[in-house]
Every structure is written in structure tokens, then in C-alpha cells.
Amino acid sequence: MADILWKMGAMLSSGHSSVVPINLFVALLCACIVIGHLLEEQRWMNESITALAVGLCTGVVILLTTGGKSSHLLVFSEDLFFIYLLPPIIFNAGFQVKKKQFFRNFMTIMLFGAVGTLISTATISIGATHFFKKMSIGSLRVGDYLAIGAIFSATDSVCTLQVLNQDETPLLYSLVFGEGVVNDATSVVLFHAIQSIDLSHLNSSIAAEFLGNFLYLFISSTILGVLTGLLSAYIIKKLYFGRHSTDREVALMILMAYLSYMLAELFYLSAILTVFFCGIVMSHYTWHNVTESSRITTKHAFATWSFVAEIFIFLYVGMDALDIEKWKVVSDSPGTSIMVSSILLGLVLVGRAAFVFPLSFLSNLTKKFPYEKIDIKQQVTIWWAGLMRGAVSMALAYNQFTRSGHTHLHGNAIMITSTITVVLFSTVVFGLMTKPLVRILLPSQKHTASMLSSEPSSPKSFAVPLLIRQDSEDDQASDNVPRRTSLRMFLSTPSHTVHHYWRKFDNSFMRPVFGGRGFVPFVPCSPTDQTVQQWH
């Protein structure tokens, strides 16, 4: 057995090195899926923690077999993460999201995801500047401190989302899910905006330029995603590949989804925002233009692709955490590394609390009924959901602190190792505590589901497309349901509001051109469901 392991380590530096990692990762992915299935009912563990633990154990084995000399397999690749692993996860989030709940809580989600991330970034940057300037961790510039704020504001709410049920707690789930996606996008946009301007001399013009870059990236990325999604819907509706081959329309959907992400990268925009809104648009228009078999295929294909990529990321993070090169650089000052990690972890806790509770209070001011408000237990759950840090923080840290000499510089190595420590600690410790904490805070989710949901609980209500609600007859028959007011009425009441005009515009101009539910002309073997009536 020892000879086999030794040969495996020797192959890392041979021409066979490209095959060994692929075999290893595929085998580990299979192992994680099997172990995750066996631990599905376990109270404390979840798949992300399982994958992280397997990655750490694998990293230990590789280091032992190579005598601690080889770390090629353990190096975190930023290109691999951003180009191949992140797109399917973010696209599937937009493609599978329950749009009615997402857009009903859109203003609150944007408040947490965009404004909250700015507050968290400012809090962490100010705290890092205050503490790190008093410590000997190398020369950090103003841009580095601001980048640290953006890096550690990027959350990873996977653990909490695995515990919450979007049918039982639709309001809470949509807030945690929506804020997580917008948060990642905002953090990446902030990070690139910080890198794109000269921060050596801060003044009002630099601040205005920074704000302008941020808004440009945010808005243009969203528009690009919407346009790409509409283009895919128009092509599939007009050419209708499904009459000859369902493989072509499935392939086109997958490729157009990936194209939206790569176009954003090409034009230096936020690819996360682009592919997320492309997913929403494609699920609203394109998905209804394909055959029934293609609908089933694409739905499961995107979900499976996202699932595998997510496990791969946690495996990758676990293995890279044991990269011996960067730990050797900080081995002479372990106390400093531990102190920096502790400070960053404390700043994450404070930065998260600095916006969740105040913004929840502001959001509640716009609501009149208790079931519309975010109570204190839900606020704690939202706060906790954003404490975990993941691969986005790792990728941004590598981008910022490996541009000037890899990890051989002392300051760079400390920031990289501290980021790894925070990611591992928050994912494992906070992740293990998530299930019991949520069960304590939300012990009776099922009986409160109807109150947390702002619409009558029925299968039809969850199948209605973007910003479209049930017919007025259903509303008249449900007078016993409390009426929505304030911001929710503004967003969802069909009488002379945004929702009303959007539905008229969508039915009159968008769906006849781009297709969608009830607007696909019937042809043999078409996706048109004759039992579904058009929305008028």
C-alpha cells in the first residue's frame, strides 16, 4: 500500500500529473455524494462540511505521500473557480428561484445584499485599518484594506439554505437566498471597483469615480444578463429546434447561459450578476419555448451541474488549505497569524450585525401587519446565515495578495493563510451549529408557513411566473386573507401599480416576441400545454 501511495505522489511531477488530479477529484466527488447521502438525516453535518472534511483529509494524505514537498495539486486556481465552477451555481440559483417570492421581497433583498454589503465592507475595512497598522504583518496599502473589507463581506449561506425550507418559510428563505446572491455579486463588483481606481490620494473626485464605477458595473451587468436571456428565448421561439431535435435546444440553452457569463468577463463586468439575471429571464421565457422533455432535461441538468460544482469547490478549498508553501512563510510568526485571523473573524461578526439589525428595523417600518415584518428570531437567522465565508472570499484574497510575488511575501502569506483559517473555522464551526440553532429559533415552521407566505398556500401559487399572481376571482374568494399594504401592495397589487403595468407590458409586448407561458404557438410536438390558458 505504501508503494502505491509513493508512486501516486511521484506521478504528481511526471507527465501523468494531469490525469492523477482528475481521477482523484472524480473519486472524491463520488465519495462525497455517497457520504452526504448516508448523513442526510444527521443533525449536525451537511454536504458542504462533509466535502470540506474529505478535502482536508485528502490533502493530509497527499502531503504525507510526497514528504511535504509537493503542493501542485493543492494550489487554489482562481481561473478554475471563476470560469468553470461558479457559473453553474449562480445560474441555477436564478433559474430555480421562486420568482414571485424573490421579486415580492426584492427591495428588502437589495437593501440587505447591496446596501448591507457596503456597510459591512466599510466596517471591516475601518476595523482592519485600525488593528493591522499596529501589527507587523507587512506593508498594506489603502487599497489592500478596502479589498479586505470586500473579501470578507462575501458570504456563503449554503449551510443555512440547506436547513431552511422555502415552502415552509418562504419569506425567510427568499431573503437569505436573495441576499446571498446579491451579496456575492456586490462584493465582487466592489472588489473590482477598488482595484480599478487609484487610491493613493483619496478625495471627493476619487470617491465619485468609485461610486460611478460601482453603479456602472452593477447596472450594465444586469442589463447584459437580461439581454442574453431574451436573445436565447427569441432564437429558440423563432427557430424552434425541438421539432427536429431536442438535443439542439438543450445544448443552446446551456451554451447561451455560459455565454452570458463569459461575455461579462470579456467586458470586465460582474459575471455573477449577469448569469443570475440571465437565469431568471431564461426560466421566465426560454424554458417555456422548449419541448416538455427538454424542460425536464434542462431543469435537472442545471441542478446537477450546480450540485457537483458546489461539492468540487469545498473539496478544492479543503485541499488548498494545506498548501505547504504559504504556511512555511508564516511559520516564524504563528501568533501573528492567529491574531490576524481572530481579528478578521470578529470583524465579520460585527460587520454582519452592523447592517442586518438596523436594516431589518428600517424594512419593518414599511410593513403594517406583523406577519409581514422580520421578527427578531428571523433577524438572528439572517445574521447567522451570512457568517460563513467560502470560495468567493478565497478567490478574491488570492487575486489581491498574489499579484506582487505570489505568497512568498510575508504580508501576502499572512492574509492568504488568515483567509483560509476564517473560511475553515466559519464553515465548520458555524456550519455545525446552524441546524440546531435554526431549530431553536424556528421550532414550529410548518404552522407559521401560511403567515410567512403572503399568498394563499396552493400548488398554483408557487407555479405562477414572474410577478404574475392569481386571477382576480381567486382574490375575491379569499377575503379572509389579510390584505397586503405599503411596499408589498406597491410591488404586487394588480390595480394601477408596478405589477399591473408590468403584466400588461409583458403580455402585450414581451411574451408575443420572446414566448413564455401561454404565448408559444402550437405546432406538433411543441411545448405548448393546451391545458394552460393565456394570461389576460
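Backbone N, Cα and C define each Cβ position, glycine as well.
Features of the protein shown, as given by TrEMBL:
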- 28-439: domain 'Cation/H+ exchanger transmembrane' (DOMAIN)
- 20-39: transmembrane segment (TRANSMEM)
- 51-68: transmembrane segment (TRANSMEM)
- 80-97: transmembrane segment (TRANSMEM)
- 109-133: transmembrane segment (TRANSMEM)
- 214-236: transmembrane segment (TRANSMEM)
- 257-282: transmembrane segment (TRANSMEM)
- 302-322: transmembrane segment (TRANSMEM)
- 343-362: transmembrane segment (TRANSMEM)
- 382-401: transmembrane segment (TRANSMEM)
- 413-433: transmembrane segment (TRANSMEM)
Interface check, the transmembrane segment (51-68) with the transmembrane segment (214-236), three or more C-beta pairs under 8 A: no
Of 80-97, 257-282, 343-362, 382-401, 413-433, whichever stretch has the most CB pairs under 8 A to the transmembrane segment (302-322): 80-97
Segment-segment contact (the transmembrane segment (80-97); the transmembrane segment (382-401)) at 3 or more Cβ pairs under 8 Å: yes
Remote residues contacting the transmembrane segment (382-401) - C-beta distance under 8 A, at least 6 residues beyond either end: 76, 78, 81-82, 85-86, 112, 144, 147, 150-152, 154-161, 172, 175-176, 179-180, 183-184, 187-188, 191, 195, 313-314, 316-317, 320, 348-349, 352-353, 356-357, 360, 374, 407, 411-412, 415-416, 419-420, 422-423, 426-427, 430-431, 434, 437
